[in-house]
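One structure is given here, and the rest of the page talks about it.
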Amino acid sequence: MQQIQDQRKKKVLVSCFKQIGRCTVSCILVLLTQFALTLVPHFFPASSLLVQLTLSVVVLVFVLGLGRWCRRIVGVYASAPALVFFNIIFIWAVYIFIARQAIPYFISIVFNIEVTLLILGVCSILSSDPGLVTHGSSDANKLIETKAFGVEAHNKGSALLKRVRYCKSCKAYIKGFDHHCPAFGNCIGQNNYVLFIILLAGFLTTEASYIVCSSQFSRGSWILGGTWFEGVFFTWHLYCICFNIRTDEWINWKKYPEFQFVIQSQPGESFTRVMFKNPYDNGYLQNVKEFLSVKG
């Protein structure tokens with residue numbers, strides 16, 4: 001009995017040391033990345049913003065390669081959620097110790113509130129339930145029945161159940177599965193999709209505020225690259241909301257029969273065509289209403 005307890009304690013300690021190691025590597029990578037990105041406008045001050053953004057991307061790719069090297073050589077790899085968290089802390093620290101003195105008091109309060117809410121939102125989505133279908137639950141039993149008997153979805157509850165997808169990263173079935181987000185270390189599904197969209201908007205507004213506040217100290221090209229990417233990502237998810245489609249469904253629609261529209265071959269032709277159709281699209285307003293009303 002004592003031996004079993006000792007083994008459990010050893011496993012807990014090993015797990016703790018691994019997490020500390022991953023957080024340490026993540027913190028170091030964030031510092032190296034931010035330092036390298038701030039050097040771009042200093043060494044290339046006369047270059048256009050597009051050139052500086054390109055160089056910033058090269059720096060990010062280099063740091064990503066460095067992270068993989070650490071994983072291969074040292075055996076410790078960075079944690080994506082920790083990278084996100086430390087990046088937020090870094091931006092906040094730079095603002096407090098450098099930019100805050102030149103910013104009006106009211107704007108400073110607003111920015112600090114934005115960062116605080118952003119950190120709370122990240123912590124919430126890390127531990128949120130995306131819509132996990134656990135073994136033995138009523139949803140799991142209904143899912144088995146639907147697959148076994150080919151039951152059609154005739155109401156809102158069964159329609160949402162029909163959109164249960166399997167996540168290879170989590171090795172679990174998720175209701176309303178959109179994608180697995182490495183940055184948050186969690187799946188994005190029916191239960192936390194609204195929170196995910198709010199977080200994306202939060203990142204955009206916070207980074208935009210930071211760029212405005214720090215514009216007099218630097219050109220801020222090092223953060224514009226990330227903001228541009230997040231803007232594209234946010235626009236994509238707005239499109240998905242308006243058309244009631246999930247990212248996984250859009251990419252892998254050929255795996256899901258309800259998205260397949262078969263066009264029979266004409267006389268004399270020996271093939272049939274399969275085209276995409278979205279059976280869940282009920283118009284912009286109804287789609288947005290459904291997005292806002294869905295609860296876990």
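Every residue, even glycine, has its Cβ placed from backbone N, Cα and C.
Here is what TrEMBL records for this protein:
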TRANSMEM  20-43  transmembrane segment
TRANSMEM  49-67  transmembrane segment
TRANSMEM  74-97  transmembrane segment
TRANSMEM  103-126  transmembrane segment
DOMAIN    162-231  domain 'Palmitoyltransferase DHHC'
TRANSMEM  193-211  transmembrane segment
TRANSMEM  223-245  transmembrane segment
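Per DSSP, the secondary structure of the domain 'Palmitoyltransferase DHHC' (162-231) breaks down as 34 helix, 12 strand, 24 coil. The transmembrane segment (74-97) shares more Cβ pairs under 8 Å with 20-43 than with any other stretch in the list 20-43, 49-67, 103-126, 223-245. Cβ atoms under 8 Å from those of the transmembrane segment (223-245) belong to residues 37, 49, 53, 56-57, 60, 91, 178, 196-197, 200-201, 203-204, 207-208, 210-211, 278, 280-282, 284, 287-288, 290-291 of the same chain, restricted to positions at least 6 beyond its ends.
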